[in-house]
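Undergrad: There's a structure below that I have some questions on.
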Amino acid sequence: MVNTRKSSLRLLGSKSPGPGPGPGAGAEPGATGGSSHFISSRTRSSKTRAASCPAAKAGGSGGAGVTLDEARKVEVDGSLSDSHVSPPAKRTLKQPDSVCKDKSKSRSTGQREEWNLSTGQARLTSQPGATLPNGHSGLSLRSHPLRGEKKGDGDLSCINGDMEVRKSCRSRKNRFESVNQSLLFDQLVNSTAEAVLQEMDNINIRRNRRSGEVERLRMWTDTEFENMDMYSRVKRRRKSLRRNSYGIQNHHEVSTEGEEEESQEEDGDIEVEEAEGEENDRPYNLRQRKTVDRYQAPPIVPAHQKKRENTLFDIHRSPARRSHIRRKKHAIHSSDTTSSDEERFERRKSKSMARARNRCLPMNFRAEDLASGILRERVKVGASLADVDPMNIDKSVRFDSIGGLSHHIHALKEMVVFPLLYPEIFEKFKIQPPRGCLFYGPPGTGKTLVARALANECSQGDKKVAFFMRKGADCLSKWVGESERQLRLLFDQAYLMRPSIIFFDEIDGLAPVRSSRQDQIHSSIVSTLLALMDGLDNRGEIVVIGATNRLDSIDPALRRPGRFDREFLFNLPDQKARKHILQIHTRDWNPKLSDAFLGELAEKCVGYCGADIKALCTEAALIALRRRYPQIYASSHKLQLDVSSIVLSAQDFYHAMQNIVPASQRAVMSSGHALSPIIRPLLERSFNNILAVLQKVFPHAEISQSDKKEDIETLILEDSEDENALSIFETNCHSGSPKKQSSSAAIHKPYLHFTMSPYHQPTSYRPRLLLSGERGSGQTSHLAPALLHTLERFSVHRLDLPALYSVSAKTPEESCAQIFREARRTVPSIVYMPHIGDWWEAVSETVRATFLTLLQDIPSFSPIFLLSTSETMYSELPEEVKCIFRIQYEEVLYIQRPIEEDRRKFFQELILNQASMAPPRRKHAALCAMEVLPLALPSPPRQLSESEKSRMEDQEENTLRELRLFLRDVTKRLATDKRFNIFSKPVDIEEVSDYLEVIKEPMDLSTVITKIDKHNYLTAKDFLKDIDLICSNALEYNPDKDPGDKIIRHRACTLKDTAHAIIAAELDPEFNKLCEEIKEARIKRGLSVTSEQINPHSTGARKTETRVEEAFRHKQRNPMDVWHNSANKCAFRVRRKSRRRSQWGKGIIKKRKVNNLKKDEEDTKFADYENHTEDRKLLENGEFEVSTDCHEENGEETGDLSMTNDESSCDIMDLDQGQRLNNGAGTKENFASTEEESSNESLLVNSSSSLNPEQTSRKETFLKGNCLNGEASTDSFEGIPVLECQNGKLEVVSFCDSGDKCSSEQKILLEDQSKEKPETSTENHGDDLEKLEALECSNNEKLEPGSDVEVKDAELDKEGASKVKKYRKLILEQAKTTSLELVPEEPSEPVPPLIVDRERLKKLLDLLVDKSNNLAVDQLERLYSLLSQCIYRHRKDYDKSQLVEEMERTVHMFETFL
């Protein structure tokens, strides 16, 4: 688009008829430097002001194209400008001389100058007498001072002081520099509607006149206009429209507009500067529409009201409210420079880094640890980035809880503990302790366990070490550079809290091997980690520990001193380590396991890691539980168990080992295992020969077999010091060395000759051993694995055909080389090659050459033991194999067939002992019926220590303090609302005398605040109850008749809805739940709900006593009224009623009533006297009330029934055991149970006199012993049972909660079962069935009118029936299980005699030994299996004659097949 400003300016300048020096020259500065102030479309058509100088009026008449409307505006503006009023204090005046001078110059430009200004820029100063072509507003005759661009005339560049044209370029303090602006603002505010109407008229007039003005002003030539396409034409017109819409003088701007622009100026400064700098290139359509919409909704809301609404609770903001997302309010700066951007960025960066560092806090520190000592100045309390919560870490795991890893633990102490305890050692030698170590090994070997123990060890004592735990994926992020930033923050925080430890679990996922095929992100992370661990910056006292299962996957650059100084192999534990681990896991068992059993168990657990051994102990305990109490698997309720009767046996561990698959054997089976008990007598002699040869070939095996707690390092340290050792110090340093100086004769003796000394370590030259023999001699199946089991302390690398060809991604040569590399890295080690003859024939020549090359490359004295087996004779092996294993060096051991003595030991146990064993008899426990276990009582809560109680009370008090602050804010908000003034104070009784007669519980907001101060509210629910009470009182006292009453009712409902809405919107549900838990916990602990008692006049109901001490005091005072069968039962006491309930004993349910409010002490005493009299009358009628210090689990306190429906009563009415009724009705017992769901209705059921003494005693026994809920002060009597007898049948009705609370019928029946003798268990089972039939009896008859039995509610009847059905189903399940497993006792018959011909068995043994002379080991095993099957088939026979005959036939038949 072509800029036509200057061209049109020249045209206007040449046609200007008005006087004045240089109109054309004077218009150009005005076109580019005019003021840019504007007002919105709502006020653009308002009346303008005239010029303040007299010359302006004279110049206004000389304008060529001034319309009548504009002339009228000139007169109005002139009148406004005459009334000069001082502006606000912040709007300073400019010098009047320059103003007049500029106005005189602008006057000479006339209308042409005005049009040029309106089309030149977005926000321009309006010129005299012009009308904008867009029709939005008119221009005043008074010209604003111009910021002229000095291009030819110096006089035209005069500026009004330091007044700038552009809004973004001028000084903000000169923004409202006009005398008449405040007058215009006042006038526009008062005449908004008139301005809008005039605006619409001006739009229509100027829209019709726009095309004529364009032609008259010669904006474009005809050719140029016609050549433009429609798109360019429309766009050009829209830009002209947008420019002219802001071409209004600054002094016409509304002050509220300016203030609102100032509040948004920080967000819009950059856009305004760009838009005004580009002038014609950027439209303002969106901004125009937004401004128009803002001023169309009257009235204008003041800014301070909006601010007050958003910051209602900013003074005492607590976590009880949700955090609302608030709009950031930018500050208004007077500086127009951007020099503070860098400083602002640095401040934001520092705050962001501080917040991120605070999230990287150690996992072994708690809030109290960080708030104490020097750590208080280092960090602030925050959350850890690791997925390990400090509360979830087992604090009991210490170094003494780890078995078999003493070497690793000592190394960790050298790295972490010793630099703190003995810094003088490191200072003396000027050394730094190792700062990095790498844990690697199979899964479950204790890598993470050692890290946990280290974290707990670092948390002890005065010098605590910060422990940071990260997994490999914790630092990864999808954002570019975020992973590196997290690593840098982690090391930064660790450096601030030094000494510290960073543990990277599964570090292979964080720092894999870098390669060309790898993603660049991982390469960057690895590079960052390398630089952080050992870069230019000193890492300081930061120990880095990494753990991985795949050592080869870690980048090799990490595996060097300075980064990971040490590498610890966590191999599978050997027998000694396994025994230690078993001792650790079973040290708290009672009774403890014997040392001999643990040793044998450790020997059997070959290939088990630490996690497997722990799982073995757990599985064995569960099997013992399953064997002792199988009933618990058939019931979903907790049953009473005798834990002391659960005793583990060796059989439990055996079955557990059958169920567990070791982690190391899930993918690859272990190569070594001990000789089985069956095969040991047969191959024990051969195995001992192998061990003897092994000591010669591979002397390092002695270290593995020794039970002493020593290794090579300890052998060196315990060795006697060589007195003849040479000094390693300089000759002049006599005082520093205790050694004698070297003589001239011994100069050439090497200093480091310890490796050649046989006193320090065993020496072996290429240790190799080949077990050769006939096929089936047991060298591969039994002897070699047993030998590897003996050497299990060494790492074993299996080199067989599956190891070469199982991985398709590797070639056999590569797999072979990999195995040798691993063997050389973990010396001393073993390379195991089973079936070497078959292996040599199967592999290719390349693999053979690779194997021989790698074997020869092993150093001569390197302790790498090559163990091989061959199923062929040594003479039949290939020559290359014979060259590897030499007979003359005792590297070949020939396995011979078992001799006669070995075979006799092998078959002796089977023939003489197993075949002559009597048949097994059923155990006495199996013959008896399964024991029906009673339901268990809920266990009492754990007793807290004094410190825990105090800490918990402090936390609860802090939470309740936040709740009170929130409730005060809500109450203040309601009280200060004018609509709710009538509820802010109590009702004046003098004005409304009958108020207390209608309203029994008055409530107002001032009383609510008082209750808040007295700590009466533990939850927001209690607060809302009083708000609802205010509403209900207003609705009850003010009928819906008069208009005034209707207003009060409307405001009461509004008060209720407002309070509920505020609570629902601003109260955090988690915080509310926490308050509910606090209230429930305090009720369970026996504490009163409120810390201060409410005044007597505020309640009209009886007070509730909930103190446990008072309950026990009443228990001692009235021993006959206490049920004392269990230590966990509720404490009952006979108490005096506080209000009249005389008609309750007659079985009549009436609407609950409350006493009137008492205003003084005398009325209260009088009511107490009446209640006491009422109690005496009740006692005379055979009734009294038993009150319990029990509360329901829903958290409501037992108290006033008239307050809320959520409060329930635990009152129980019963007859004293020593009292009898005089009316001959027999024993009378009344029970009252009030529940939340029944709206405070009591249930009184009277048992008939037809109950026999046995049933009565059972019921009394239940009342004494089975009122249990797990705690002494928290029992709820919702489930009080009621026994009814209708038509001679017994019916049990109860109301039991669910879950842990058991029904009363269960307790009655199970208690009867526990009292009966065990020998009559079958008869008791029949009694239970009769009781179940009694339970099925329903009460179908109507009650007599004069009876004392209360009619039950329909809902309660259904609930009671459902509970009875539930219990009946439980009893039937146990009865069904019992009947299934019940074995009828067989009549006692004499045990038949055992017939065994032992002499015949001995002959069979001799025959068997003779016939198996030439049999191999595998053939002997097959014969043993056949004989074992014969014994199993005849295991129930008392006459073993047929067994012996079948065994003889088996021996002869086996010999025939051979």
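Each Cβ is built from the backbone N, Cα and C atoms, and glycine gets one as well.
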Undergrad: When Swiss-Prot marks a stretch as coiled coil, which of 335-366, 719-750, 751-782, 943-974 is it?
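TA: The listed stretch tagged coiled coil in Swiss-Prot is 943-974.
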Undergrad: Can you dig through Swiss-Prot and tell me which residue of T119, T221, T1090 is labelled phosphothreonine?
TA: T221
Undergrad: Select, from S104, S140, S1202, the one residue given the annotation phosphoserine by Swiss-Prot.
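TA: Checking Swiss-Prot against S104, S140, S1202, the phosphoserine entry points to S140.
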Undergrad: Quick check on the record annotations: which of S81, S98, S459 is tagged phosphoserine by Swiss-Prot?
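TA: Swiss-Prot records phosphoserine at S81.
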Undergrad: Taking the Cβ of S939 (phosphoserine) as centre, how many other Cβ atoms lie within 10 Å?
TA: 11
Undergrad: If H, G and I count as helix, E and B as strand, and all else as coil, what does DSSP give for S939 (phosphoserine)?
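TA: Reduced to three states, the DSSP call for S939 (phosphoserine) is coil.
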